[in-house]
Amino acid sequence: MGNTVGAPIVSEYLEDEIGPIVFKKSLGNARFLKTVKAYHSEEGYVVVKIYKKRNTKESLEKYKIMLKEIKDNFNITPSFNIMPYQHFIETDRSGYLIRQYFHNNLYDRLSTRPFLSMIEKKFIAFQLLKALEQSSFKGVFHGDIKSENVLVTTSNWVYLSDFACYKPTFIPEDNPADFSFYFDTSGRRTCYIAPERFYETNRGAPSNNELTPKMDIFSLGCVIAELFLDGFPIFDFSQLLSYRKGEYSPEPIIRQRIQDPNIQTLILHMIQKDPDQRYTPEKYISKWNTVFPQYFSFAHQFIPELMRLENDDRVMCISDKFDEIVDIFKNNSITNLFKSNLNQSTNSNTIGSFRVSTPSSPILISNNNNNNNNNNNNNNNNNNNNNNNNNNNNNNNNNQTTTTTTNTNINTTQQQQQQQQQQQQQLQRPLSKLDDIGKNIANIIYKTEQFVKESDEFDKTDITNIKELNIQTTPTINTSTINRVIQTSKTNTNLDTINENSNNNIGVNRKKVTVVEGLDLFLSVIYTAVKHCQFPSTKVKCVGSLLVRLAEMLDDECRLQKIVPYIMSMISPEQPTLVRVEALRSLAKVLEMVQTFPPSESSIFGQYILPSLSQLSHESTDEIIRIAFAEILPQLATTAKRFLEIAQHYRDPDSEGIMESRKDRAKFRVYDSDLQEVQDQFFNKVSDLLTKDSCNTLKKIILSDIYRLCVFFGRQKTNESVLPLIITFLNDRDWQLRCAFFENIVAVCTVVGAGSLESFIYPCILLALTDEEEFVTEKALSSLSELCSLGLLRKPILLELLVKTSPMLLHPNNWIRYGVVSLIVKICQSLSKADVYCYVKPKLSPFLVNLNGNGNGNAEISDTITESNLIQLLDSPISRESFNKIVKFIARNRINLSSSINSILANDNDNFNGESFNSNGSGGGGNPNLVSSTGGSNRRLRALSNKFFVPNILSASNSSINSTSGDIGSLLSQSTEESLAFLRQMTSIGISDSDQNKIIKCFDYLQSKKCKDLESANNSEGNVIVIRTNGTTIISSSNNSNNNTLSSSTTSSNSTTPTNSTVNLHSVLNNTTIIQQQQQQLQQTITQQSITQQQQQQQQQQQVSGGITTGGTTTTTLGRSSSPQLTGLNPSILSNSNNIQLSSSVVDVTKLPNSIPIRMVKIRGGDQSLNNSTVSLGSVAGGNIITPSTSLSNSNTMVGNNNNNSYNTSTSSSPLSSSVLNSSVGMNNLTNSNANSINNSSGINNNNSNNNSVNSNNYNNMNNNTMNNSVNLMNSNQIGQQQQQNPNTVKIDLVSPSDLNVVSKKYYIRDPKMGLSTILKVETNVECSIKVPLPLPDLGSTDSVLGGGLLSSGGVGGGVGGTGGGNINGVSGINGNVGGGGGGVGVGTVGSGGNGSIGGGNSGINNGSGGGGVNSGGNSGINSGSTNSSGSLYGNGNGLDNLPNSTWRPMGILVSHFFEHKAAVNEIQVSSDNLFFATASNDGTVKIWDCQRMEKSVTNRARQTYAQQEGRITSISICEKTHSIASASDKGSIHVFRVGISGKQKNGNIKYTNLSTVKNITETTRGNIVSVSHYSTNSSSVVTYATTKGGIHGWDLRSQQDAFNLVNDASLGLIQAFLIDPNRNWLVTGTSRGFLTCWDLRFGIPLYSVRVSNGRILKFAPYMLAKSASESWVYISTEQDNVIVFDLSNKKTTRVFKRSYEQPPQQQPQQPQPPQQQQQQQSQMNRSINMTSSTTTTTTSSYDFGTENLKTSSYSQLPSNPLVNSIVNNSNINNNNNNNDNSNNVTIFKPTPLVRALLNPPNCPFLITAGDDKRIKLWDWNNLPQSYYVSIGKEPPPFYTHKFSNDTSNAYEIHEEVWHDTSSSSFYSNSAMFGGGGGGQPMSTSLSSSSLSQQQHQAQLQLQYQLQQQQQQQQYINHLQQQKSKTSISMPTVHHQEPILDIKMMEVPNPMLISASTDGVVKVWK
């Protein structure tokens, strides 16, 4: 190219000379080739090197050929590491070299973070040698290898580029100009040219001017040396010349700076001066195998194939094959693994079949592989000899892997088999032994203790007197659970799961994983793929799983330098939420793995990580991210402190904490300041999360691991900051948050010390003992037990706890009782024996069981108090019912009787110390014993209980209580009046005697117990049911939500009972008029409350409320008292009655208005009760949710009182649900066997028999979706049964979005030695792995019929009609067979056409002959058996190709007449393949008719009849692309049934089998169904229906659930019709008030409502003109205007089709016709009339669309001709003119008939209407005068004209038919005047005097024409009469005699109309 300097390059030249390339910027300052970066519109960024020619004569053709050869060589066989120039262009001025642009070259990459690791440098050197090997193999040599020409991608893949074949091979050594111009492009003066390429000037250049591979080896050696020297070049130009002369050597630098001696020798060998001593690239790779391990070859082949996949597939492939890749890199051997994978993927018989097992499954080797293994061993001998060292080193590693590899000797195989058998035995060994469990738990506790000790050592804090620290360190380990497992064996917890979770979560003794070298090569590949992933799930899997697994096998430097920064980038706000969550968790795991790091990384938390995470604690961050951040905070804090301690150890590894000098103190000051800074940062994060966030879940997460945070903050900061922050959680209403506080507070106590424990934490625990939620109380007791076991409580506090908690031994909750027992045992263990005897035993004695039945004494406790002994001696607890009553009673009335109760319990001999009941705990003088074990006070207390607490005490006055016992009298004399009133009140509210005694013992605890339901009880006074029975009125209030029973007690006339528990009890005992006041207040409340529709509906559904059965017949009675008395009873007061008998004969139930809700049941005593509108089951601790049953309750229920005081409102009670036993909801109900419950069938079940639940079925109104669908909750064992009875019961989510995987891919790694082009095989499986919704029920698809035998295998249609021939009855003009002509369905040839058809001959209509007819019958068959686009069975023959089109018109020829229906036929539907059509009738049947039989004969019968549906069938719809029909009944039911078609009969007719029901949908509550429709999508098959209550509902047949529920506005009127868009985008409804509502089906919202008519909207029809601009147009049949065309998009009317009367204009008198002519015309008319035979058809129609008032009468049937239009009778005109000469022109309103049927055939520019006038009219809107009557109906219409006009004000067209018969009063006239059948053209303008004569002449011609047609028609009628006389069948009428309700069109065998009327008649017309 010459040693010339190029002229300056102008950037504009670029686009002018080489096309669409835009200059971006210059690259470098080279003089020989100017390099620029440019942008190509199609290829992206490119590099263009420009050579500026010196003159235009200079030619570059030689170099162009060389560059093209290089390009072609590498393009034929793709090379992985070569990037040649892609394009070379030569112009007159320049030459251009173009290749792809890369962001980095090797020189730039060496100075870019993250820096290359040693293994990455080796892999780059390996790729460079491979690139040189590839180019040498092609005979191509580079000539200028340097770091600038080595391109590096983001995945660290290397390309060798810029082949310099155009540069000189040899340059002079004494002239640096050539070197600077050609080779020193970067200006660094680095020189990597081989020494032999320099020559002395005096000797001249060598004659051989070609490059050799040895030259490139030297240059590559220099590049590899620069790579390992981190960018330091070993030669510049002067040094290379000195090295050539032997004056300089780079060996010292290489030996000093490169640590690996193998790399040193490799570089020194490659840069030898003698080229003959240099090796080839492949020999360097094989000889230096220690530098280039064997897995490099695998990675070099695997990574390029991986890069060809999509980004998501790359990540999935690495993740799926991660274990195999690890094995390859770990063992440095890939051959055996490749063979295993190859066998698995190809199923080869010559290699052996192995199943590669997962780590959790054993390895199996098939027996038929022995011979193959021998062959493999023989074949592998050579490899073993060559790689003995490697094989020996890798045997141990192979034995430890879980993937099967083929070994080289039999011994190794036997060892593996033995090891596999041992693994199988270990996997099959049970792990449920108690000894193993104890060891596992002990291991957990030991690890926890080790963690605590290490943390305390870090904090320089010693915790004394801690022998066993059973605290929770992770969220999954619960100390109470561990203790419960060790002490008892009653729990069902999976201990293996606990052990597994504990091992996974404790990171102190984490199992070390061996570092696998080389895996970091995939990090860059993964990062590049994840950056451009399409699916967030791929990122989640990569960040959450793949990177963590890689981090476990990489070194610490790689974790900190490469993995942590990338994970931090995935936490940025630009990433999806789930990706950020997984990134946070992975960050904590990876940082915890780091054990060693340089000192500079010690501040990574304070300077990098925490500032980057600062935005996560902000309120705007997603809640799930904040929760994940709170979850990892303790882990991050512990890791941060460990980093600081490791850094401190590096600063002074020998001091061991002894600060002897200033230097040491300075080091520690650095540590303290760094720790303080990090602590402040972490506390700010914790404070922001806890104070700025109201999410309780986040607070629970922090509490679950609060101990590690406390250890991190230290004692001082925990006391000052953390403890006050978490104590505020106790003020929260969420009881689960309070539970979490007490679950984890013990660990905090170990950090804060005894002072903070007694001052702050202990009082909070005492308050929790009386918490309203019993879960909290149980957790508080557990925390006290832990504190006692740790020895953190002093003796006075222990004694105080004994006093406070001993009364709780009588608590009805077993969990609380067991917690108190555990606490007392721990207290006893901390006290001496003397203290136990003096303090503990007296305190416990009153709560022990009474061994002597006469009350002589309680049980005596042994000296050693254990949990088992104490539980056995405890007295039975207070019943749950009594406990709830007394707690609410005390809280509501604020009773404080502590001193009075103590005085009752006191006596002279053995004093009960009052201090035992006081809240100040122990202390004070006196005997601390509560009761002596054998003292007499116990007997007195028993006597007091037996004699004082009796029901008769209520009848006595307060001052006159008599007793026969002197002891009782003395006790009563000491009691106060207030205490006596309290005792009476306990009896009055229904507390038993035994419970009263226990209540007195634990009164102090009950007095301080909080009552959660107090507020709700006070607000429920209005929930009352009034019952009158025999003059006695009982008002029952349901304010007790825990006990919803309703009972009564017999009361005497002199006794009074409280009416409401909110009233003061003293006033209740002395005032009997409170009930009247309550009634007045109740009436006022009722008048103020509004009754909503939802509450009213739900109230009607509830049949049982509080034990009272209401409804149509009430069967509940109450016991009658002796005298009429008004008594108000609380349900809790009534529960103690003994004589309750219910009978329907004596009860008058007055139910209060529905606005007063009646509480039914409560799942848990502390929760809000369930109301009537919704059932909201909150989350519980156990995770199980109790759902009420849906079993129906009996309408007649007997309620009685048994011995257990339980009321059973069904014949049998259900057993306890096993799921409830494991639920935390049952904790409140773990009480004794005394039960007061109501059980309705099977439903809500508590844990034992002592439950206060109401099991009812009145939970049917839970809203499970946005459509307010009524869904019943049911138990899991009842779902199947209930769904069979009522399939609409439960909405089940059948398909989860996460399961809808589109494809699944499997990846296989194959052996590269097999000679395959790729080693990565990807199998994509779409069919087997797609998870779709439930299959659609068998609806009889039309496609299945095609393969079922209806068509021949060749697809050629047969002839149904057969050949024509013969005349019918010899009548001329009707030639051919009636059914002849037209091919049909079946095997055979296309049937030949007959000689014409009906109406043929010389009629002038269709002069067809031979193959003629209406539609050339011979061509109407199947054309080659193909199907049309609409899914029809019929082919694209001429008969269907032209159907329907703009030229087709119905002729009005009657083909068939059916009269099988006994009532009105409401709707007709034709199947999509035109095999059959169906009719729905008011007689409750749906009949199926065969379309193929229509032209065979007039008399046909229905093929099938469906009569299994109740009520009238109002609408039907044929399911799309199926043979199933959806029929709707006025009873609110929809049946979907399948029409069975099983093939073809011998005569060619289709064979119909039985009908089968597919689905029954019963929606009686939604109203009568007006119309039904069906549509299908790719994922659903929806039956849509509208009801009279304004609902539009969709039921999905595939998922068996509601697809949508829409509600039309009731103010718009009742829905009369609806129509669905064929594209499923919109839906329109029409109402009785003329309103049209358009709905958007995609979003389920109403778009608008507009009034289109003042009358009713009767029907919709789609506008079917193809490819019109009016796709949103619809036809609407209305009352006022017969038919309008409405544009839904513009909300306006575009056309109107109407009929009206018009007053005739004034006309000149006409000359009368001669009498002879009048008589002649009249005689002709009479003859034409007499030619017809009249039939009478009468019926009683009950059709509900407005035809109930239509009169049915006998009338004469007139003949008709379809093409003769209405004509005028001249005599009639004259008579009208004569009669109207002297009359006044008065316009009288005359009603027009309603249009009830609309039809717009596809692609036809006309509309067909029918309705109350019994006529079928065709409206041609393109040519209105061409409109005519297809059927003239019962009587001919009068004279009419067509009128077209434009309404300019409303902008729509009016197509009007104007009637001029002024003598007729309405369209329902019974005159016998003949008006014409329809063959002629009607008058298109109104009459005028100037055109009267012309009209008369036209009328005469039309009359003659009509008479001729009537003669031909009469011949056909005569033929039918003859057939009638032969078959004794009544002659059918030609036209409809009743209003027509529907018309449809079928296309096969010929296009024909189907019409149906209210008398049940169905007619088919040509």
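Each Cβ is built from the backbone N, Cα and C atoms, and glycine gets one as well.
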Site co-member for ATP according to Swiss-Prot, given LEU27, GLY28, ASN29, ALA30, ARG31, PHE32, LEU33, LYS34, THR35, out of LYS49, LYS53: LYS49
Residues flagged as region 'Disordered' in Swiss-Prot, choosing from 1106-1130, 1406-1430: 1106-1130
Same-chain residue ranges lying at least 6 outside the repeat 'HEAT 1' (558-596) that approach it to Cβ under 8 Å: 113-115, 117, 507, 510, 520, 523, 527, 536, 539-540, 543-544, 547-548, 550-552, 604, 608-609, 612-613, 615-616, 622, 624-625, 628-629, 631-632, 635-636, 638-639, 643, 646
Other residues, Cβ within 8 Å of LEU27, GLY28, ASN29, ALA30, ARG31, PHE32, LEU33, LYS34, THR35, LYS49 Cβ centroid (ATP site): ILE50, THR185
From LEU27, ASN29, ARG31, LEU33, THR35, the binding-site residues whose CA lies within 10 Å of that of ASP144 (active site, proton acceptor): none
Chain-internal residues, separated by at least six, CB under 8 A from LEU33 (ATP binding site): LYS49, ILE50, TYR51, LEU97, THR185
Count of other CB atoms lying within 10 Å of the CB belonging to THR35 (ATP binding site): 17
Closest-packing stretch to the repeat 'WD 1' (1460-1499), where packing means Cβ pairs under 8 Å, from 756-793, 1564-1605, 1610-1649, 1790-1829, 1935-1966: 1935-1966
Among LEU27, GLY28, ASN29, ALA30, ARG31, PHE32, LEU33, LYS34, THR35, LYS49, the record's ATP binders - longest CA distance, Å: 13
Recorded positions compared (ASN29, ASP144) - the one with the fewest other Cβ atoms within 10 Å: ASN29
Other CB atoms within 10 A, centred on ARG31 (ATP binding site): 14
Helix, strand and coil counts within the repeat 'WD 1' (1460-1499) (DSSP): 3 helix, 17 strand, 20 coil
Local confidence of the repeat 'WD 1' (1460-1499) - pLDDT mean: 88
